[in-house]
Amino acid sequence: MENNILELRNVTKEYDGQVVLKGISFNVKEGEFITLLGPSGCGKTTILKIIGGSQKPNSGEILFEDKNLIPIPINKRQFNTIFQSYALFPHLNVFDNVAFGLTIKKTKKDIIEREVMRQIRQVGLEGYENKKIDELSGGQKQRIAIARALVMKPKVLLLDEPMAALDVKLRKTMQEELKRLQQDIGITFIMVSHDQEEALSMSDRIVVMNQGTIQQIGTPEEIYNEPENAWVANFIGSSNIITDGIFLEDNKIKFDGKVFECIDTNFGENESSIDIIIRPEDIIIKNPNNGFFNAKVIKTTFKGIHWEIVVETSKKRQWIIHTINEYDVDQQVSIKWKPANVHVMWKEVDN
């Protein structure tokens, strides 16, 4: 995955004078699964529409295989889109839905038969060729939408929140299947999602967006473990963010009257324009007087796979902790963490 198949350079978009994309730049490698992740209204779907050709940017460049993509009409782009609604034709059976694009192109019947059946087998629905769309489950409809897109042999598959209409259990199953399918066929997937867990589990890289700007680009591990700002840290899972700490020097921070080790460097000396993040799952609960701070449990919530515990120290700082152990409200404890689980980042600067 070394070659860029797609590149956006300083792309902007306005609707009725409102700027919805503010200089978007990123690249997509050939064979990569990349997710545009962010809350509703952040601009991620607009980017997908611009790449697909249904909308034009106000400014900027888009290169596909090093050639200007913007003037190429939508029907000439080597992309296919899977929409949230799947956009299947209810009056056609499964075979004819998958074959639709090839039929419109007047492809020979023997080629249609071969390619459609190959894709139906690929998505695990052999034997469903003559079924009507309304006879299919949500997961089966999604597979047919995928087969219909892939039969056209696109170089890039665009996915607009494809799992949004599925229930939680089926969504997880389809996430695994879609990732496996992408790895098997090896083409580039660009997916839009507002689901953090979905993006983390499926993507090679994630483009995190908010209010028309890119907040961070990185692998799932980089996004989760090394967020570039407090907004990303809060959006990708819950976080304990210390906004009033000081970076004393390389590998040393200070807050609430105590000095702690960390693994971060190059933030200067006695620097206060930083935020410090410690994830809830990285905090260790100990018996009183065995940690960095003594604290009292003030809230407990069972989350299914763990307990979420909120404790408050004598400094009146509250900490969110994820643990498999149960604690009682008002129970006295202490808390600590490892230096490698402390993450320092620059404070966000308002433009």
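Glycine too: its Cβ is placed from the backbone N, Cα and C atoms.
As the structure is a computational prediction, the values presented were derived from the model and not from experiment.
Some features that Swiss-Prot has for this protein:
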type	residues	note
DOMAIN	6-236	domain 'ABC transporter'
BINDING	Gly38, Pro39, Ser40, Gly41, Cys42, Gly43, Lys44, Thr45	ATP binding site
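Features per Swiss-Prot, on structure.
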residue : record           : Cβ within 10 Å
Gly38   : ATP binding site : 26
Pro39   : ATP binding site : 11
Ser40   : ATP binding site : 7
Gly41   : ATP binding site : 13
Cys42   : ATP binding site : 24
Gly43   : ATP binding site : 23
Lys44   : ATP binding site : 26
Thr45   : ATP binding site : 19
Please list, in sequence order, every residue of the chain apart from Gly38, Pro39, Ser40, Gly41, Cys42, Gly43, Lys44, Thr45 whose Cβ lies within 8 Å of the Cβ centroid of the ATP site. His194, Met209, Asn210
DSSP-derived class (H/G/I helix, E/B strand, else coil) of Ser40 (ATP binding site): coil
For the domain 'ABC transporter' (6-236), the mean pLDDT of the predicted model: 92
